[in-house]
Amino acid sequence: MSDTGGPRRTRPPLFLERRSYRRRRLIDAARLLPVLGLMLWLVPLLWGIGGRTVSASGAGIYIFAIWVLLILAAAVFAITLGRSAGSAREVDPETRAEEERPPW
Amino acid sequence: MVTLNTLAAFALAYVGLLFGVAFVAERAARRGRGRWLRAPLVYTLSLSIYCTAWTFYGAVGSAVRTGFEYLTIYLGPSLVMIGWWWVLRKLVLVGRSQRITSVADLISSRYGKSNLLGVGVTILALVGTTPYIALQLQSVTLSVGVFAHPGEAREAGDATALYVAMGLALFTVIFGTRNLDANERHHGVVMAIAVESVVKLTALLAVGVFVTWGVMGGIGGTLERIDASELGQVRMDGGRWVGLTLLSGMALLCLPRMFQVMVVENDSDAQLRVASWAFPLYLMLMSLFIVPIAVAGLELLPAGANPDLFVLTVPLSQGQDALAVLSFLGGFSSATSMVIVAAIAVSTMVSNHIVMPLWLRTRGPGASVSGDVRDVVMLSRRLSIIGVLLLGYLYYRTSGGGAALATIGLVSFVGISQVLPAMLGGLFWRGATHVGALAGLTVGFVLWLYTLFLPSFGEGVILPRAVFDAGLFGLGWLRPHALFGLEGLDPLMHALMWSIALNAVTFFAASLVSFPSPLERLQGAQFVSIELTPGPTRSWSGGPAEVEDLMIMTQRILGAGEAQALFAAEARRQGLEGNLPDPSPDFLETLERKLSGSVGAATAHAMVGQIVGGMSVSVEDLMAVADETAQMMEYSARLEAQSKELARTAAQLRSANDKLTRLSVQKDAFLSQISHELRTPMTSIRAFSEILRDGEGLSAEAASKYASIIHDEALRLTRLLDDLLDLSVLENGQVSLNVRSGLLSELLDRAIASARSDEDGQALRILRDPAAERVWISTDLDRLAQVFINLVSNARKYCDAPVPELRIRVGQAGGRLTVDFIDNGSGIAAEARDVIFEKFARVSDREAGGAGLGLAISRQIVTRLGGEISYLADEAGAAFRIELPLDIAMAAR
């Protein structure tokens with residue numbers, strides 16, 4: 001029905017050219033980054049288990065180090081994506097064809 | 001020592017600077033020189049209104065009380081920003097393409113432009129934001145109080161709050177309502193808060209650097225002193241760590257002020273892309289020196305000093321007045337920028353979802369064309385801003401600025417996060433419905449009120465102490481801090497878990513069981529697949545809209561110039577003369593979207609609907625469309641069947657036509673044959689009769705010969721005519737049978753005798769089987785005899801054997817009598833066999849004197865007698881079989 005709302009598109013292509021492919025993998029990485037960050041930031045939950053203690057300075061350095069790394073990674077992804085957005089057509093990650101395969 | 005007056009002077013100068021920045025930015029934007037205003041950096045800095053005075057001052061206090069827990073407030077948003085590909089990108093896309101003006105507008109627009117939902121979210125936002133504004137006023141008051149001499153603090157505090165509120169109202173009214181289109185960027189405001197965020201970051205970093213290097217002796221010393229301090233051991237409450245991280249992440253998406261700067265003021269993907277890493281960086285820098293400042297405060301200041309003000313009091317205690325003033329300006333910036341944007345965001349909601357619909361309703365039908373909506377929208381938005389700030393101030397005054405206010409930050413976060421299920425559901429799930437969103441929001445809102453907001457005022461303030469101990473109505477499982485008997489939870493986490501969980505479950509369940517309206521489904525499809533279909537929703541089916549009325553209404557909302565330009569552009573696009581376009585569905589859609597930027601989706605929809613006359617898409621329309629499709633399919637199936645039938649009929653007609661053509665050819669052949677047959681004897685009769693008439697010297701012998709020729713020819717003519725008549729009678733079925741009984745053998749005797757009567761020359765030998773011939777038959781014996789005579793004489797005439805003979809074989813098989821006439825000639829050529837029974841069909845070239853009617857007549861007779869005559873192809877010579885039903889024969893016995 002909404003399918004009547006929008007004209008049915010032709011199926012997305014099975015294979016992508018190399019640049020679009022790279023771009024999509026980059027988006028995948030960008031999507032995974034917060035998951036990784038969350039996991040690393042959940043490590044503090046394990047501190048203090050079994051009566052052992054962690055020094056505040058060590059804890060602070062750990063949390064901020066992750067922060068800096070995440071920011072750096074996000075900046076790299078964002079800048080690379082920004083460059084490829086100029087050259088490659090804006091791809092849509094939601095319609096990514098499941099049948100998409102690497103272009104070997 | 002800085003006096004209050006000096007401080008006031010600094011503050012006023014700073015405010016003057018902000019007004020100037022905003023003014024310059026507006027002017028630059030108006031003159032089209034505002035590219036730098038759209039820079040991703042400005043966008044990122046504007047996002048930093050997330051860091052309010054509550055976080056500017058409160059983070060240090062939080063660090064003193066709970067260690068690293070203060071970080072969660074920054075970690076959550078960092079993760080959401082870094083993961084912008086998940087939610088933010090889509091949110092921003094939807095916001096841009098649907099011209100969303102606020103969170104309430106987003107929810108209302110997604111769920112069928114329902115104003116009820118818009119009102120719900122507005123109330124939620126108002127309830128959640130008002131205490132937060134009060135909190136900002138309190139922080140400014142407290143920070144002023146630090147500089148005040150004992151005694152004048154209280155008095156100065158109240159005045160400060162009022163002045164700050166009034167100043168902010170003025171600024172927001174001036175720069176927050178410059179454009180009517182709330183979806184357009186507020187360049188002045190954005191630029192001012194960008195400057196403010198630079199100030200607050202600089203201030204906090206300056207204090208941090210001073211503490212780290214000026215007080216603690218560098219990084220190494222700072223780390224040592226941190227470990228040696230009260231905060232040296234990590235005290236981690238795991239539940240709160242996770243819960244607050246999630247909560248702050250959710251709040252980033254839902255907070256009205258964040259939505260305003262992040263989605264409404266957004267221009268491009270590039271802004272978001274840069275902010276995805278730059279904003280976490282900002283947050284990281286904001287939180288970097290919190291712990292050192294906290295440790296320094298604990299060391300340097302006397303026990304009992306308010307840790308929430310360490311950012312101010314630590315520099316002051318070290319005699320760094322300038323640093324303290326900078327720090328004050330940082331806190332002031334945090335407070336004012338938050339209040340300005342929150343006031344804009346909430347006032348847009350209040351104006352679009354509460355004031356405008358009410359105003360429209362009071363004006364009754366036709367309101368849209370009478371009265372100046374443009375001014376009303378502006379006025380309502382300005383009044384809303386003043387109202388929101390007034391509410392905040394009153395809240396601050398009535399709550400007394402106590403500790404209750406300090407906890408309101410997180411309480412407000414939980415409250416506004418109730419929008420999240422409906423928001424995410426609306427963005428990613430097409431099955432999310434209006435009913436589900438309303439139910440989820442209601443459940444979440446009520447639970448939040450009961451378990452967190454009302455209890456946050458303290459036991460016995462709003463909720464009686466008995467409710468805390470024994471539960472509502474004495475029901476133990478309804479205790480606000482132990483809902484459903486789940487005790488021992490942190491009140492905040494308890495409320496967060498129950499409200500969000502039940503909100504989401506209710507939203508989901510109610511969505512599953514309810515059915516969305518057509519407009520809602522269209523909007524849902526738009527929102528969920530925004531990247532695929534950036535085009536507008538077709539919710540207008542077009543109709544007899546008065547384009548003049550639309551024009552008048554649009555003029556009153558957008559202003560005459562802009563409205564005329566819009567209409568003229570559309571008219572040009574439609575290729576029409578003049579400035580009034582046709583009210584096509586596309587145009588109505590564009591218009592509604594344009595208006596929704598000013599008055600919100602629900603109001604714009606209602607206003608266009610008033611003029612167009614409710615031509616908005618309805619279930620019936622959708623069903624009609626479906627019906628049409630079904631009818632088309634049925635129709636095409638019918639057409640297909642008909643065309644098949646036509647093809648069949650055409651084939652039949654073609655074969656009938658072929659037959660007719662053949663018959664016509666046959667008829668022509670018959671006519672030419674018959675005239676030929678008639679003319680031949682006629683010619684000789686005429687010739688000889690002329691000779692007789694004119695021949696005087698004719699001998700008697702010759703005359704007699706000629707006369708006999710004439711006689712013979714006349715006989716032949718008669719015979720031919722008899723035959724023709726006979727055939728005609730037979731073919732027309734007019735013959736009456738004279739049925740008699742007789743022996744087949746006698747009949748054959750008679751026929752052979754008759755056939756041989758004129759025999760001359762070589763005699764035909766006839767072989768017979770007298771025993772088999774002793775069969776009684778009961779039929780028209782004369783007619784049958786005629787057939788036999790014909791067959792015998794044919795054999796006599798055409799048998800080309802040296803010694804011609806004819807065998808007559810009689811048999812009985814299968815209740816039928818068969819009489820075969822088989823000669824020993826060469827038979828009839830295979831290709832001629834199927835025409836021998838036709839009229840005038842003569843197979844041999846030999847002149848045998850017949851007209852070619854014999855077999856045709858025979859066949860007619862046999863058929864009349866109920867039998868059948870056929871040519872036997874498997875015999876050596878010409879062989880004919882006559883089959884008669886035997887009961888005719890037996891009956892005679």
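Count begins at 1; order follows the chain as displayed.
From the backbone N, Cα and C atoms, a Cβ is placed for every residue, glycine too.
TrEMBL: automatically predicted annotations, no manual curation.
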Quiz item: Out of B:116-135, B:456-475, B:616-635, which range is noted as transmembrane segment by TrEMBL?
Solution: B:116-135
Self-check item: Among B:116-135, B:160-177, B:198-221, B:241-259, B:279-298, stretch most in contact with the transmembrane segment (B:403-429) (C-beta, under 8 angstroms)
Solution: B:116-135
Quiz item: Is the transmembrane segment (B:279-298) packed against any residues at least 6 beyond its ends, judged by a Cβ distance under 8 Å, and which are they?
Solution: 44-45, 47-48, 50-51, 55, 59-60, 63-64, 68, 70-71, 74, 77-78, 81-82, 197, 200-201, 204-205, 207-209, 211-212, 215-216, 222, 225-226, 229-231, 305, 307, 310-311, 313-314
Self-check item: Annotated stretches the transmembrane segment (B:379-396) and the transmembrane segment (B:160-177) touching (3 or more Cβ pairs under 8 Å)
Solution: yes
Quiz item: What same-chain residues lie close to the transmembrane segment (B:160-177): Cβ under 8 Å, and 6 or more beyond its ends?
Solution: 15, 18-19, 22, 26, 137-138, 140-141, 144, 186, 188-189, 192, 335-336, 339-340, 343-344, 347, 378, 381-382, 385-386, 389-390, 392-393, 396-397
Exercise. Would you mind listing the long-range same-chain contacts of the transmembrane segment (B:37-59), meaning Cβ under 8 Å and 6+ residues beyond its ends?
Key: 25, 28-29, 70, 73-74, 77, 132, 135-136, 139-140, 142-143, 185, 187, 190-191, 193-194, 197-198, 200-201, 204, 252, 255, 257-258, 261-262, 265-268, 270-275, 278-279, 282-283, 286-287, 290, 308-309, 311-312, 330-332, 334-335, 337-338, 341, 406, 409
Quiz prompt | Cβ contacts under 8 Å made by the transmembrane segment (B:71-88) with residues that lie 6+ beyond its boundaries | solution = 50, 55, 59, 62, 240-241, 244-253, 262, 272-273, 275-277, 279-280, 283-284, 286-287, 424, 427
Practice problem: Give residue numbers and ranges for long-range contacts of the transmembrane segment (B:6-25): same chain, 6 or more residues beyond its ends, CB-CB under 8 A. | Solution: 34, 37, 144, 147, 167, 171, 174-175, 187-192, 195-196, 199, 325, 328-329, 332-333, 336
